């Protein structure tokens, strides 16, 4: 195969893979979902996978069993490597077979590996001969021009998708940081409130005890101390009132700060860029290895928002 034919096969099978993913999603959800990693109608992993299978396994295509086994191994290896690399690059898991038996790290599992093997048999026997005829009928100059346009669009699409992923990770980091600040502010508010209540209770008990002692002392002494006791009580009450006002003001400031943090959190949850919204829609079960809680909260809010729009 030449570079020219390799590129054509890549784009053809990337498009067919996208069609397969969209059809599968439509059957499961009853609506159109752009299931590709990119914005355009291509799934690069399908293009790369089929080009590898065609390039390496054409010599053994007459041996159906060997072709099937080699296809299973090659496509499974590609799927595992792709899942691993994407997770390490973006800290997200795009698909997860963890709930299926005998899976490996959630990236691959026997069920889908067998399906890929069967699909490769169909490709080698039926689709690849048709693809060869199609590419052969395209005038070379036109084919080169179209490939140049396709490659340019793919590069722009890839850059836009990477930017969307970087933005999504930034949003998740901000959500995680806000969640920590909200928890700290909430804990501080609760601790201060509890301390205030306990302090007030202790002071009330101390005041009652002090009054009891002073009353007993006054009974033994003369009533000359009454004015002094009244002044002492008034001063104590004034001091307690000042502390209470200061404590209430501090609580109000903390409540306002907590409300601001929650408002910022809500704004982050409800604001999506086009690329981020498309990725959340295309991969509804995507998980984050670095910001798991924030990703779960974001996905849940996105699902609720979409549900409200439908109703």
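Using N, Cα and C of the backbone, Cβ positions are placed for all residues, glycine too.
Per TrEMBL, the stretch carrying the note transmembrane segment among 147-168, 169-190 is 147-168. Same-chain residues lying 6+ beyond the ends of the transmembrane segment (64-86) with a Cβ under 8 Å from its Cβ atoms: 45, 48-49, 52-53, 56-57, 92-95, 104-108, 112-114, 116-118, 120-121, 124.
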